[in-house]
Amino acid sequence: MVWALPRTSSPSCIAPSYKPDSGWIKMSAEWLIDWSCLLNGLRDLIAGCIQAVRDCNSFALTTVICLLMLFAWYCYRVGKDQPRSPFATVNLLIQSSEAKGLQNGFAYCHSRECVRCTHNDGLNQKLYHNLQEYAKRYSWSGMGRIHKGIREQGRYLNNRPSIQKPEVFFLPDLPTMPYFPRDAQKHDVELLEQNFATILSEFEAIYKAFSNCSLPQGWKVNSTPSGEWFTFYLVNQGVTIPSNCKKCPRTYRLLGNLRTFIGNNVFGNACISVLTPGTVITEHYGPTNIRIRCHLGLRIPGNCELVVGGEPQCWAEGHCLLFDDSFLHTAFHEGSAEEGPRVIFMVDLWHPNVAAAERQALDSIFAPGR
């Protein structure tokens, strides 16, 4: 019996609909070569099985059957691990899975647009494709940690201690701590605190709308086990909200004067966050460790607390509190109704140990809409 792989159609008969990436062509060619070798191995196994039956050699037949079972399992693993096409967008990969509820005791929201709460197995392949595109256009210089982080993302996230486990992207070799000192981003902290009165006055103007309806235009309500948590975004996952910015023009202009505000990728946010009395935010992890989350206290009643990595801290009006939200964290307002809501202005700043070249690359890799 003669074995031969079937002939493929002539290349001239195929009209390509796109020009594929050379890296993907190389990956696909290597995959086809692997399968060609596997088919040759299958041919030899079947031939050995037939010969064993003819010779009535029970030991050889048992051995061949075991090898066939191992071969079938290996084929399943190869097929399962074959990367998906890199031409889908990051947003489609992130949004393709169903929004989650409460998992493993930690909170997930129900928004398909939320970067933290939606995942997809093809995300790392897409991120690597984005990194390759960026490096070809600019340079691989300074990309070592990002390359390492994307390449070994699964191992990093699976092996992280439960106290810190970012949901989407972990950049290796960053100094880590639940809370950061004010000097970590001194310029931006001082600028925010100097503009405390401005931000507070614009909040008070937009918060008056709550007296006329339960959820005024521009506000979002977040899922909590008790109480109510409202947010008013100026920038949501790297996307500016023009209608909201018009209502807080001076606060929005202030963002442009911050040196380390993450405004160009999906990990960057700026919003007013309101907790009503009796509210508890379920403990959860943020999406990445490349940022520092900054809370500027606007209205802080008693019995309000933030807990990050098991360490409690209290906000203070007119002062910034910096923390790494990739640590397990929660917040609550146990004050009375008479005390009113807890209000902070939240803004995401770059981790001080993320280099300028890395920031530029991460803005490209995690750009909104990619």
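Even glycines carry a Cβ here, placed using N, Cα and C.
Looking up Asn212, Asn222 in Swiss-Prot, the residue bearing an annotation of N-linked glycosylation site is Asn212. Annotated 2-oxoglutarate binding in Swiss-Prot involves Ser273, Arg293, Cys294, His295, Arg342 plus, out of the candidates Trp229, Trp350, the residue Trp229. Taking the topological domain 'Lumenal' (79-370) as a whole, pLDDT averages 86 in the prediction. Comparing Cα positions, Arg293 (2-oxoglutarate binding site) lies closest to His329 out of the recorded positions Asn212, His284, His329. Across the fold, the C-alpha of Trp229 (2-oxoglutarate binding site) and the C-alpha of Asn212 (N-linked glycosylation site) stand 18 Å from each other.
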